[in-house]
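As structure tokens, the structure follows; a few thoughts come after it.
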């Protein structure tokens with residue numbers, strides 16, 4: 001192939017068909033590469049007279065396919081072959097670098113032969129596209145490895161953070177606590193949730209519990225229609241069970257937080273089930289779902305008001321804030337704040353669950369921050385938060401790019417309810433909204449989008465969208481950012497916010 005330079009040939013029996021591939025960079029176009037195909041009978045005879053430029057492959061036709069990372073994939077010719085023997089991969093190289101206007105050289109990576117297929121001259125352009133498209137498979141594998149590296153960084157950061165807190169926990173609580181007080185429930189939930197995924201994933205796949213993708217979303221999301229959903233069915237109960245096992249049922253705060261988490265998971269499960277049976281992505285009506293979430297929040301606030309919980313202040317309905325404000329008593333305003341917290345957090349996590357690993361990773365950071373913030377007030381709730389963080393990380397092993405399963409509303413709404421319960425029991429609302437900055441941003445982008453559209457529609461007769469698409473992560477996708485890059489950036493922001501939220505929580509007590 002090296003002697004051929006930019007010329008490639010499909011050989012079928014004794015017939016030789018030349019294909020001239022010219023590679024040019026186009027900075028003004030949205031496509032990073034432009035492939036042009038020149039097929040000429042005169043050029044065919046000219047090349048046939050050049051000695052040493054043709055390598056014959058008897059009755060064999062290899063194909064490649066290549067597209068940009070954010071483009072969709074065209075089905076390969078494998079589905080058209082009745083006697084498929086394997087696949088060959090090619091990589092494209094240029095002597096002048098990737099961005100040059102030089103010639104293309106296609107080098108085979110494997111030595112496996114593919115079955116022959118009859119090709120006409122009119123199909124040359126389609127076959128060329130298929131051949132170059134196979135190059136994208138290697139880039140796809142590298143992106144999957146990139147998702148694994150991001151997960152390893154997340155696990156390493158959280159582990160180091162929890163070990164640091166466990167090492168100086170006696171300075172924070174001033175009570176004798178067990179060794180690895182937060183690290184132990186975190187790792188227990190991580191291991192159990194990851195193992196449970198291997199059991200539930202084939203089960204959900206056999207039930208064809210696939211998520212329904214709306215057509216107005218980014219086109220690449222249509223490729224996720226065959227991804228099972230309702231992943232919250234296995235990792236949310238794991239986080240709750242591990243917390244109850246370690247903290248015990250004697251902890252009133254942990255029992256209440258576990259109950260409201262399961263109640264929110266039931267609301268999400270009802271939504272996912274109706275959406276699955278309806279074959280649409282609508283499920284519960286939005287007003288009905290918010291009403292159910294608000295009802296659970298009001299019941300939980302009433303339960304807090306009539307239940308004796310452990311508090312170092314000896315009073316309820318207190319909100320610790322950093323100096324110089326200090327502790328603030330909200331009185332009757334505490335119940336509306338609690339209900340608002342439940343509804344906003346549940347919907348914030350739900351809106352964030354649009355990319356592989358986005359909601360699970362940011363939720364893990366938020367749980368870790370809340371565990372440290374509530375540690376001086378309620379050590380039992382700190383165990384609950386660490387356990388839920390571990391369950392989210394265990395789920396990420398199946399939900400990282402490219403995801404094998406999505407959490408669905410069963411998991412996202414339950415995560416929001418668990419975070420809101422931790423804040424409601426301790427009054428740590430300020431650290432909650434700091435650590436949940438990604439969720440707040442996603443919800444705020446949707447609110448702004450809806451408000452701007454309705455306001456301009458009432459004023460001018462037609463709606464104007466503030467963003468190209470909401471929530472915010474869809475806007476980032478349409479701006480050209482790749483999915484793993486958006487997730488990694490969100491993890492970095494969440495890590496910083498979790499550190500800041502933990503510091504604010506510890507200095508507010």
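Glycine is no exception: its Cβ is also placed from the backbone N, Cα and C atoms.
In TrEMBL, annotation is done automatically, which means it is predicted and not curated.
Source: prediction; values computed, not measured.
Per TrEMBL, transmembrane segment is recorded for 144-165, 185-207, 228-248, 254-270, 282-303, 323-343, 355-375, 381-401, 413-434, 485-506.
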Problem - Cβ-Cβ under 8 Å with the transmembrane segment (185-207): same-chain residues at least 6 beyond its ends - result: 155, 158-159, 162, 228-231, 233-235, 238-239, 242-243, 246, 383, 386-391, 393-395, 397-398, 404-405
Fill in the blank from the handout: Counting only residues at least 6 beyond its ends, the same-chain positions whose CB falls under 8 A of a CB in the transmembrane segment (282-303) are 256, 260, 263-264, 267, 270-275, 334-335, 338-339, 341-343, 346-347, 409, 413, 417, 420-421, 424
Problem - Top Cβ-contact partner of the transmembrane segment (254-270) among 144-165, 228-248, 323-343, 355-375, 413-434 (pairs under 8 Å) - result: 413-434
Problem - Segment-segment contact (the transmembrane segment (323-343); the transmembrane segment (144-165)) at 3 or more Cβ pairs under 8 Å - result: no
Completion exercise
Contact set of the transmembrane segment (228-248) with the rest of its chain, CB cutoff 8 A exclusive, min separation 6+ beyond the ends, reads 184-185, 188-189, 192-193, 196-197, 199-201, 204-205, 209-211, 254-255, 257-258, 261-262, 265, 268-269, 272, 276, 380, 383-384, 387-388, 390-392, 394-395, 398-399, 404-412, 414-415, 418
Completion exercise
Long-range CB partners for the transmembrane segment (355-375) (under 8 A, at least six residues beyond its ends), listed in sequence order, are 147, 150-151, 154, 158, 161-162, 165, 169, 172-173, 182, 349, 381-386, 388-389, 392-393, 395-396, 399-403, 406-407, 411-412, 415, 418-419, 422-423, 425-426, 428, 431-432, 434-436, 438-439, 473, 477, 483, 486-487, 490-491, 494-495, 497-499, 501-502, 504-506, 508
